[in-house]
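> According to TrEMBL, the record shows the following:
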REGION    1-21  region 'Disordered'
REGION    539-564  region 'Disordered'
TRANSMEM  66-85  transmembrane segment
TRANSMEM  198-219  transmembrane segment
TRANSMEM  231-264  transmembrane segment
TRANSMEM  270-297  transmembrane segment
TRANSMEM  309-327  transmembrane segment
TRANSMEM  372-393  transmembrane segment
TRANSMEM  405-421  transmembrane segment
C-alpha cells in the first residue's frame, strides 16, 4: 500500500495510552465471558441505574472478594424470604393464655383467607396429630365433616386417615414439632418468651425451608454457567413472596436442583443420592430421569445415567423402607390419597367446568371413591406430552439442553395433572430460569402465577358479601396456564432454533447442565427408527462418486464440537 498519510491527515488525534490515573494492578485477570445483565439486558440495565449504572468497560469481572454474584443473590433471597414470612405473619397471631401448648393460632372469622396468609403448616399441626407428639405414619384419625361427625367411605368403611406426605417431608414435620415442643418445655423452666407451640412449629419449619430455597438459588447459580445472574430471578421471584412457606415443597426443590448440579459436574452417584432424597420429599424429582434417559439414547451415554438412577433408587428405598416395613398402612397414604383425589380447584379440568358447566369425568362419586376416568385421562394426557417431548428431543437438529427438557416435562406434568397446588409452581422457577433465560418473559409469568393467590383466597373466603365468584379465580388460573404453555412454546422454538438460545452464546457453549451430555456427539442407538433420529442424521450427503450416503456420526460429531 502506498500514499500513507500522517495520522493527523485523516482527522484523528493521537490517543494516550493511559487508561487509569494510577498504575495498573499486576494481576488483571477477569471473567470476560460472564454475562453482565447491566450491559446486555434491558431490565438489568434499568435496575443498574438505581445503584450507579452498568459495570464499566474496564472493570475486572469476577474479582470482587466480598460481594460475589452468589452472595448478592443470597441477599436478594433473604429479602424475598422475609417478605414471604411477612405474608404469613397475620396467621401467626395466637390466642389464649398460659403455656405455649395451651395457645392456638387465631384464625377466627376465616382470617387466613381475607388476610391472604393461609399456610398448610398451621392447620396440619393439629390435624395430623403433631400437636399430640405422635409419629406421623404410626398414628391415625377418623375424618370428620363440618359438624365434627365421623365420616364413612363410599364402601361403608370408616374414613381412616394418616399423614398424607412422603416420608422425608413427614419426618421433617416431626422433627420441627420436636423442636417446637422442646421450646415449650424450656419456656416452662426458664424466663424466655412464651410462644404458641403451633407458631414455633411454623417458624422452625420455615427456617429449614428458607435454607432449602437458598440451596436452590446456589445450585441454580452453579448451573447457569456464564449467565450466573440468571439465578437472581430464583432469589427474587414473586412466587417466593406468597408460596415459599405455604407448604414444604422447597425441600424437594433444594434436593432436586442440588442433584442436577451434581449431574452437571459429572458426579452421577451424588446426583442420584440427591434426586432420591428429593423424591423422598416430593415425587417430582423422579421426572428428571426421563429426559436424561432420552438424551442418553441420543448420545449413547447411558452409563452415568444408570449410576444416577441406581443411586436414586437405593436412596429412596433407604428413606422409605423403615416406615414401609413398620407402618405400611400409614406409608401408603400418600399414594392412596392422590389416587382418590378429584380435580383440584387450580387444575385445567376445574377451569373447563367453571366456564362450561361440565360436571367432570366422574360426576357421581361417593366419599373417597377414586375418580377412575379422571385418573386415566390424566395419565394418558401426560404420556402423550412425554411422547411429544421425546420426539422433539430425539429429532431436533441439535441436541436439546437438559434444562430445556426438564422444564418441558415438569410443566407438562403440572398442566395435565388433576392437582396444581399453588406452591407447585416453585418447582418450575429454577428450571424455567435455566431453560429460558429471558428475564422480562419469566418475570411476567411469575407475576401472573403469584397473583393467582389473591383471587384464590377470596374465592375460598366464605363471607358472601366479600368473597369472589368462581370465575374470577378460574380466569386467573387460565391466564397462568396460558403463560406456562407460552413458555413451553418458546423453549421448543429455541430447541429447533439453537442460534436464538441465549445460553448457547452463538454456538460457543453447548449445555452447562448437561454433565456427560455436554459436547457429546449424536450417536443414536441402532434400534431407533429413522423418523426418531436427528434431522441431520436423516439427511443424505453426496460422496465423491455422486452417490448419496448416510450422514456419518463422526462427521456430525466434528461439526457439533466445532460449533460449541
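Numbering starts at 1 and runs along the chain as it is shown here.
Glycine is no exception: its Cβ is also placed from the backbone N, Cα and C atoms.
Are these features on the surface or tucked inside, and what are their neighbours?
Within its own chain, the transmembrane segment (198-219) has Cβ neighbours under 8 Å at 70, 73-74, 77-78, 81, 85, 88, 92, 94, 100, 103-105, 119, 121-122, 125-126, 130-131, 172-173, 176-177, 179-180, 183-184, 231, 234-235, 240, 244-245, 248, 250-251, 253-255, 257-258, 260-261, 430, counting only residues six or more beyond its boundaries.
Cβ atoms under 8 Å from those of the transmembrane segment (270-297) belong to residues 166-169, 172, 248-249, 251-256, 258-260, 262-263, 304-305, 307-316, 318-320, 386, 389-390, 393-394, 399-400, 402, 405-406, 408-410, 413, 427, 514-515, 517, 524-525, 528 of the same chain, restricted to positions at least 6 beyond its ends.
For the transmembrane segment (372-393), same-chain residues at least 6 beyond its ends with a Cβ under 8 Å from one of its own Cβ atoms are 290-291, 294-295, 298, 339, 342-343, 349, 360-362, 399-400, 405, 408-409, 412-413, 415-418, 492, 495-496, 532.
Proximity of distant same-chain residues to the transmembrane segment (405-421), defined by a Cβ-Cβ separation under 8 Å and at least 6 residues beyond the stretch ends, is recorded for 247, 260, 284, 287-288, 290-291, 294-295, 338, 341-344, 346-349, 371, 374-375, 378, 381-382, 385-386, 389, 392-393, 427-428, 431-432, 434-436, 481, 484-485, 487-488, 491-492.
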> Would you mind listing the long-range same-chain contacts of the transmembrane segment (231-264), meaning Cβ under 8 Å and 6+ residues beyond its ends?
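37, 69-70, 72-74, 76-77, 79-81, 83-85, 87-88, 116, 118-121, 165, 168-169, 172-173, 202, 205-206, 208-213, 215-217, 219-224, 270-275, 277-279, 281-282, 284-285, 288, 292, 308, 402-403, 406, 421-427, 429-430, 433, 439, 442-443, 446-447, 449-451, 453, 512-515, 518.
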